[in-house]
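J.: According to Swiss-Prot, the protein has these features:
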{"type": "BINDING", "residues": "121, 125, 126, 127", "note": "(6S)-5,6,7,8-tetrahydrofolate binding site"}
{"type": "SITE", "residues": "228", "note": "site 'Plays an important role in substrate specificity'"}
{"type": "MOD_RES", "residues": "229", "note": "N6-(pyridoxal phosphate)lysine"}
């Protein structure tokens, strides 16, 4: 028998301690990983609801199990809110992750062995955009495009590659690109070679929802996103379209269920519904505007301190710092900043001489630090502290600078808690 007062703390102290330690880590570290964000207590409440117990194979009104009347309400709420948020005609809220959403799109639109054209992982793409270690590069014949030495997409190069390889599908989107993608140009290229245009907007979905980054839906046949990252919801996936082709919509439905997944995670769909409602609130646009302002403010500090920023700036929530000129590695920078309670991730940069697990750069993102309430002055100060640590790498005062920076970080974390009590 279960009772409502059962707790993990009483039952599994080792697990409970890990949870408490993670709570403390998040409160005491400044999070600058571009793909991470803080979900609201409302989102987490939905994830912990009794919808955890419910199996609901199928779609609203067409379930394979009984007792789904409330699951139908939840899923339809999420669908309707996502349609309103992004201006979509078709929405599927069931994908468990962004990668599974992408797999469903491939399965719906093309066949095994068909050619796809996507952004190279080393140039800012994603594993699922055709990387050879991913299903997208194993099941399909993937051809990759990259960026210029200036860190920008060369659309003429994309066009030439498309004309040469004649892909069935072109993937636009990124995991580490700080500029605005010309969705219309990508569609023009796709139309020229008779390919589908598939956009993965996972990193910028929150900015798009707020109207601060171009919406790909008017241009793409199909769009996917995660529901965390800039969007700030639970970890999950989403498929959208406004192409007007009912046949494509039917294929997408069946490619998610039953082709790629069984029962949907109704508790996560409930959390997605909460997230979409939050994103429709007026203050959400202000938050996303501050995300971009903070990223731009940090970029200026890094440049003033002599560090190269890929593409010389940012128009979204992230940017890449290159250490090629300084002879530093992303791995060393990541580790040193981590000791100072500043969390980033090492990242390859254009013409990177280092191996993928070492790299010559870091990726910095501002969704989480902005969610804490940090303003432009706060993040300028933070970027300066980061440069202090980077300047000290390999020098006698390295540990002293790290220790001093950590104290400053702890102070700002105390002033701006993630979840104020």
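Glycine is no exception: its Cβ is also placed from the backbone N, Cα and C atoms.
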J.: Sorry to bug you, but what's the C-alpha spacing from the residue listed as 'N6-(pyridoxal phosphate)lysine' to residue 127 ((6S)-5,6,7,8-tetrahydrofolate binding site), rounded to the closest Å?
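T.: For residue 127 ((6S)-5,6,7,8-tetrahydrofolate binding site) versus the residue listed as 'N6-(pyridoxal phosphate)lysine', the Cα atoms are 16 Å apart.
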J.: Once the DSSP letters are reduced so that anything not helix or strand counts as coil, what is residue 228 (site 'Plays an important role in substrate specificity')?
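T.: Residue 228 (site 'Plays an important role in substrate specificity') sits in coil per DSSP, no helix or strand.
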J.: Distance check, please: Cα of residue 126 ((6S)-5,6,7,8-tetrahydrofolate binding site) against Cα of residue 228 (site 'Plays an important role in substrate specificity'), rounded to an integer number of angstrom.
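T.: Residue 126 ((6S)-5,6,7,8-tetrahydrofolate binding site) to residue 228 (site 'Plays an important role in substrate specificity'), Cα-Cα distance: 16 Å.
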J.: On a count of neighbouring CB atoms within 10 A, which of the binding-site residues 121, 127 is highest?
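T.: Highest number of other Cβ atoms within 10 Å: 121.
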J.: Determine which residues of the same chain, besides 121, 125, 126, 127, have their CB within 8 A of the center of the CB atoms at the recorded (6S)-5,6,7,8-tetrahydrofolate site, and list them by sequence.
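T.: In sequence order, the nearby non-listed residues are 118, 119, 120, 128, 129, 130, 131, 134, 175.
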J.: Measuring Cα to Cα, how far is residue 229 (N6-(pyridoxal phosphate)lysine) from residue 121 ((6S)-5,6,7,8-tetrahydrofolate binding site) in Å?
T.: 18
J.: Roughly how many angstrom lie between the C-alpha atoms of residue 228 (site 'Plays an important role in substrate specificity') and residue 121 ((6S)-5,6,7,8-tetrahydrofolate binding site)?
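T.: Counting only the Cα atoms, the answer is 20 Å.
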J.: Helix, strand or coil at residue 125 ((6S)-5,6,7,8-tetrahydrofolate binding site), per DSSP?
T.: coil
